[in-house]
2 protein chains.
Amino acid sequence: MTAPADLLVVHAAELATLATGSVPRRGAALADPGIVADGAVAASGGRITAVGPTEAVLRSVSRTPATTTVDASGRLVTPGLVDPHTHLVFAGHRAQEFTMRLHGAGYAEIDLVAMGRRRLDRMLAHGTTTVEAKSGYGLSMADELKILRATARLGASHAVGIVPTFLGAHAVPPERKADPDGYVRDVCELMLPAVVREGLAEFCDVFCERGAFSIEQSRRILSAAGRLGLRLKIHADQLSASGGARLAAELGALSADHLEHTPSDDLAAMAERGVTAGLLPGATFFLLHQNYADARAMVELGVPIALATDFNPGSSPTFSMQMAIALGCIGMRLTPAEALSAATINAAHAVGRAADAGSLAPGKRADLVIWGISSVAELPLHFGTNMADTVIVDGRVVIGGGRTT
Amino acid sequence: MTAPADLLVVHAAELATLATGSVPRRGAALADPGIVADGAVAASGGRITAVGPTEAVLRSVSRTPATTTVDASGRLVTPGLVDPHTHLVFAGHRAQEFTMRLHGAGYAEIDLVAMGRRRLDRMLAHGTTTVEAKSGYGLSMADELKILRATARLGASHAVGIVPTFLGAHAVPPERKADPDGYVRDVCELMLPAVVREGLAEFCDVFCERGAFSIEQSRRILSAAGRLGLRLKIHADQLSASGGARLAAELGALSADHLEHTPSDDLAAMAERGVTAGLLPGATFFLLHQNYADARAMVELGVPIALATDFNPGSSPTFSMQMAIALGCIGMRLTPAEALSAATINAAHAVGRAADAGSLAPGKRADLVIWGISSVAELPLHFGTNMADTVIVDGRVVIGGGRTT
């Protein structure tokens, strides 16, 4: 007896399952994309029911008149990409407005939703099916809540899956510059409890950097967030070695992101605690900085690596995880297989979605990309080109048609 | 009495006409994209019939039931992008095969056409409507002719306009290494006449560089090509200052391309003769080189600048002129307006197509892009993202729908 399938993707030249383990393991998870030649995926009710060689999958499921079959002959098929670090929701869309603190206050929640939707559409068209989205352009109770409520609406209404993060400590707002500790206190005692009360965030993040929040302030905010049940992230060591990565290890954060200036002792501490490095090469590229984060050192130390767009208006306005992969390879010397792992399973771990996303395995959401290339090795080659031809979310073809039968 | 229109694009937030002059002028052509606010374009029979403010255009043409009207409200509209330097036609498509001299001999002309078509589809989807295509992966009479015949077939059958260039002197083939001058003689006396006899090329190009062809050899080939009526291009100063740019000025080449190591005296000679600089930032980026060509010095010296993908399997496998624009701005510090000029009207001049392409003016082909952004200033921002939502070639919508009425 075989189970009926809603969706069948068959005859992938390379099916990169990324199903090499349930957690990022030292080295291994980065190196092995779990390739199946002439691979297939079957899904039912939005969930994957079978993965393997096409012949075996076709034996294990039954086709009905309602089954959509997509022929991926000659094509690479991967999990949908996971973008684990974005500043998705802010107001303003014109170049002139691309400065920090973008007048969130001047826009209604519904406008924020509309702008966020257009950005998600663009990300989805480039193969991203799960996105972490931070607040942080409000910097007041009312505006941070507005941004997170808009984020929640997007999560409820868009095909792309959303992981919401509270980043009230993105910057000290100008009117609080005289008393930054007072702002930190508000974040801890007023904003965080309100965010948690409304269930608006899964993660709390802090921008730990000279000019933003100190190690001491960051520890205070993240500890308060942890006590309230949020999981932790941190912007660490982007412009200078500030101890942020070490703090992430101390607090057991899921990820420390940026890491352009992290000393190797602190990377070793991250490896020890299993903190994922969220690498944001788009910001390095767009800001004309010379030093990409030292991804090769991280791989050697056993730090799990995730890649993200860091989508934001000021320092990395790219929507494309394909570009993050290309920059990860070209700028950071990751191999294509490492970069793919970093953009799928490791990114899913970094946002607490590994049970649902980031690899192709029975029970996971049927989020897939069918590419206009035939192998993982080609992923970074056509940098700047959208090579995601067909995108499937929850077992439904949402972008492109492919050759369906 | 008003003329009927087949196509109307109306209400562009910014219509960048690039119609600021018929030749690249010092400074001016680079700086002024000829913006019309609330702009419109009308076309009939594939040619532009009117350009200007929407109200004025609507008064000057008549709509019929057959008129397609595209509402570009809130959007930037530009001419179709012109990619003036690509190695479009070669065999092999897998990463492993991405080496020089890609087994052109092993593939039939029809395979080359099929591969070329897929690449042109990808370029078109990213907003490119005119492409220069060089031979140079054959390096024998038979294979160079095969590549150029495939290129001619593509030009006759694809929406993207093709400008064919003979680059028999791309490299000295391995079997001729002992007698490179003998190969140069074959290029001049056998291959060039055959190419011209069949009408297979408009341009002749030479890779002038240590390890490829010397100044003397390059002069011999380009002079022979000029005598046969071909126009001239040269790969100059990519890896070292070899005198190639100066030779381009001496011979009156339409463009000298690469120029990563060109001394300023040679740039001044190019400015003097009006030789366009073909800038290829994708190669600098992909090869991890540190030095982009000094575009700012060129602008100051009055060298007309064009941007190109340099699409080729080894050093710049990007299909996207949007990426060339982004790299031109981020890597070379061009302004968005300069980069757009470089990717349209100046590129059209560099491939001898300025009468047809590169700007929006009555009589030119109706090749347009409607963008998912509202201003020229935003063109480089979303680097790596395809923001070309609707592409129109010869007055027909070939990519995307837009909001048609």
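Cβ atoms here come from the backbone N, Cα and C positions, even for glycine.
Site annotation (TrEMBL): N-formimidoyl-L-glutamate is bound by A:Asn312, A:Gly314, and the candidate from A:Tyr137, A:Tyr183 recorded at this site is A:Tyr137.
Rounded to a whole value, the Cα-Cα separation of A:His235 (Fe(3+) binding site) and A:Gly314 (N-formimidoyl-L-glutamate binding site) is 15 Å. Comparing Cβ neighbour counts within 10 Å across the binding-site residues A:Gln238, A:Asn312, A:Ser315, the minimum falls on A:Ser315. The average pLDDT computed over the domain 'Amidohydrolase-related' (A:76-398) stands at 94. Separation of the C-alpha atoms of A:Ser315 (4-imidazolone-5-propanoate binding site) and A:His85 (Fe(3+) binding site): 13 Å, rounded to the nearest whole number.
Ranked by Cα separation from A:His85 (Fe(3+) binding site), the binding-site residues A:Tyr137, A:His170, A:Gln238, A:Asn312, A:Gly314 are led by A:Asn312. Taking the C-alpha atom of A:Asn312 (N-formimidoyl-L-glutamate binding site) as reference, the shortest distance to any of the binding-site residues A:His87, A:Tyr137, A:His170, A:Gln238 belongs to A:His87. Contacts of A:His87 (Fe(3+) binding site) defined by a Cβ separation under 8 A and a same-chain sequence distance of 6+ are given as A:Ala133, A:Lys134, A:Gly136, A:Tyr137, A:Leu167, A:Asp310, A:Phe311, A:Asn312, A:Pro313, in order along the sequence.
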